[in-house]
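> The structure's right below; bear with me while I get my questions together.
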Amino acid sequence: MNNFGLYLIVSLCLKSFIHCAVVKDNFRRFPPATEEKLLQQDRDYWWQYGTEQLQRVLEENERQRRNVAKNVIIFIGDGMGISTITAARIYKGQREYGKMGEEHCLNFENFPNVGLVKTYTVDKQVPDSAATATSIFSGIKTRYKMLGLDQTNYGDIFNPITYEEGKLEGIMKWAQDAGKDTGIVTTTRITHATPAATYANINHRDWECDSKVPPEYRSQVKDIPRQLVEDAPGKNFRVILGGGLQMMGYVYDAQLNECQRTDNLNLTKMWEDAHSTSNAKFVTDNQGLASVDENTEYLLGLFHANHLPFELQRDAGPTGTPSLTDLTAKALQLLRNSQNGYVLLIEGGLIDIAHHKNTARMALSEAAEFDRAIEYALNETNPDETLILVTADHSHGFTISGYPKRGNDILGLGNETAKENTYYTAAYVNGPGFNYHFVPNKSHPWIDVSDDENLYSNPFYVHRGAAYLKDETHGGEDVAVFATGPGSQLIRGVFEQNYLAHVVSHAACIGPHATLNEYCNDITESYYKSNGVPRTMSFHVLCISVVVKFMILFNNF
């Protein structure tokens with residue numbers, strides 16, 4: 001093939017937002033590794049690995065970054081507990097790299113700083129995404145299913161006094177006050193719990209349209225999408241990408257029971273009207289997204305009435321749906337030239353949706369795509385000025401068990417016993433998979449899965465749940481957070497989830513902890529003033545820094 005032909009293929013791939021290098025799950029079976037393959041990883045292999053890992057850590061310590069994080073990207077794998085990370089590592093290593101799998105590393109697993117996060121809420125031992133995301137973005141823990149309000153409020157009871165007094169500001173507001181651009185990217189509805197925590201103050205996460213708000217409260221509180229379009233910080237987001245056209249009043253799908261507007265508001269039209277004096281675009285498919293250039297000032301991209309399709313089933317054609325990597329690429333294209341930097345949420349939300357239905361293959365393929373989006377961001381950002389955090393809001397009751405051989409398919413059998421006792425390595429503590437796998441036989445209560453061809457033909461194959469529930473539940477154990485870039489050294493140990501907002505405030509010189517970071521003072525004039533932040537803000541920051549330095553000097557006498 002000549003160079004022109006190669007160029008043409010690459011161009012077409014980029015134009016259509018199809019990532020040619022991505023290998024989708026082809027439902028192949030992965031047998032255990034042979035003894036010959038196992039012996040290739042001998043004592044020299046493991047010694048070299050340990051030596052190289054030590055060298056990487058020592059080099060990172062030497063170049064410990066002391067500059068301020070101009071940009072912050074927070075990646076949240078919704079429901080991506082540690083068992084999901086382990087399984088996704090093996091899944092991706094086997095399917096995309098031809099490895100045995102266990103030795104593979106996801107991109108974020110190479111980050112230099114790692115911590116463990118305690119995810120419980122004010123009132124629940126095992127959390128939901130609304131309370132955990134509020135904790136991450138506001139720095140304050142709150143109640144189950146609440147968004148952007150403190151614990152003086154309650155989920156189903158609206159009190160106008162505690163509502164106003166209990167409103168929480170957070171990372172996005174701090175960033176905007178510091179002159180930074182902001183945005184959200186998700187594979188769920190943009191009004192779903194995790195993205196909504198960046199902009200909404202509301203008693204219940206389910207109030208995603210006017211009809212879901214109790215009638216007696218509708219005149220006193222706006223539903224979640226109205227807050228996004230009408231109020232700060234949401235109305236100031238430069239990039240909003242995800243699903244949820246129905247919640248925004250753009251389409252009506254009688255089959256979708258999630259939320260149906262009764263106030264006849266088309267919030268996408270209201271968003272366009274609000275940005276009519278700017279170079280703003282509203283798009284709904286791949287070709288629309290591809291038409292957006294870096295000169296676009298504001299972008300609203302909604303690609304489905306509900307959540308986006310799973311990666312294994314989405315249409316990648318011109319009228320289809322972008323992948324999370326596609327959305328990440330477009331968001332960074334618009335934000336990378338922000339003079340004062342940016343703060344961006346990128347959520348792999350369908351990991352959680354798949355786990356709730358016990359569809360392990362879908363969950364792991366979503367985690368693999370989440371990792372591809374992280375890889376893209378790593379390649380497109382400056383590590384000396386961009387803090388990247390990768391974490392989960394909570395885990396799931398997803399387990400990896402049995403004694404499978406090395407290199408065994410992570411979705412395959414976990415044992416080699418008699419057929420009536422076979423089970424898969426990947427399973428769930430509870431969920432709808434119970435009904436599929438259970439049989440009323442006291443001696444052999446589970447179906448024989450050793451020859452179940454559905455596993456290799458149905459992407460929505462339901463793995464076993466030990467107890468029946470319509471939807472599988474979250475897990476309550478700690479989740480991991482991986483960090484790289486300026487301020488990442490603050491991520492270490494075991495800590496409460498709300499600590500993450502405090503780290504971002506300190507590292508990016510935004511919000512309450514900006515004055516605690518001595519390096520913020522070094523950029524007061526040269527950074528803020530020269531990059532277009534109003535002079536009044538620069539003056540105020542300068543005054544604060546002078547006062548702080550004077551107090552330090554005074555205390556030394």
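Cβ from N, Cα, C; glycine included.
The signal peptide annotation in TrEMBL covers 1-20. Marked as Mg(2+) binding site by TrEMBL: ASP78, HIS192, THR194, GLU347. Residues or ranges marked as Zn(2+) binding site by TrEMBL: ASP78, ASP352, HIS356, ASP393, HIS394, HIS474. Residues annotated as active site, phosphoserine intermediate in TrEMBL: SER129.
Have a look at these and tell me how they're positioned relative to everything else.
In this view, GLU347 (Mg(2+) binding site) is surrounded by 31 other Cβ atoms within 10 Å of its Cβ, with every protein chain counted. The DSSP secondary structure for GLU347 (Mg(2+) binding site) is strand.
Annotation for HIS474 (Zn(2+) binding site): same-chain Cβ neighbours under 8 Å, separated by at least 6 residues, are GLY79, VAL126, PRO127, ASP128, HIS394, SER395, HIS396, GLY397.
Under 8 Å, Cβ to Cβ, and six or more positions away along its own chain, SER129 (active site, phosphoserine intermediate) finds ASP78, HIS192, ALA193, THR194, ALA197, ARG205, ASP352, ASP393, HIS394.
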> Other than its own, how many Cβ atoms are within 10 Å of the Cβ belonging to ASP393 (Zn(2+) binding site)?
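The Cβ of ASP393 (Zn(2+) binding site) has 30 Cβ neighbours within 10 Å.
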> State the Cα to Cα distance, in Å, between HIS356 (Zn(2+) binding site) and GLU347 (Mg(2+) binding site), rounded to an integer.
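Here the two Cα atoms are 17 Å apart.
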> If you draw a 10 Å sphere on the Cβ of THR194 (Mg(2+) binding site), how many other Cβ atoms land inside?
26
> Including all protein chains displayed, how many Cβ atoms other than that of ASP78 (Mg(2+) binding site) lie within 10 Å of its Cβ?
28
